[in-house]
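One structure is given below, encoded as structure tokens.
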Amino acid sequence: SDGRNDAAKAFDLISSTVKKGCCSHPACAGNNQHICGRRR
């Protein structure tokens, strides 16, 4: 099987966690714009 699928799933899981937690904090969101988006 292709390991990239597992990596993608792990990345999605991390990203969703970061979106819920980090992205609600302006300083953290600013450091993770590639995940959180650039809205303020």
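In case you wondered, yes, glycine gets a Cβ from its N, Cα and C as well.
Disulfide pairing as given by Swiss-Prot: among Cys22, Cys36, Cys28 connects to Cys22. All chains included, 16 other C-beta atoms sit within 10 angstroms of the C-beta of Cys22 (disulfide bond). Look at the disulfide-bonded residues Cys23, Cys28, Cys36 and count other Cβ atoms within 10 Å of each Cβ; Cys28 has the fewest.
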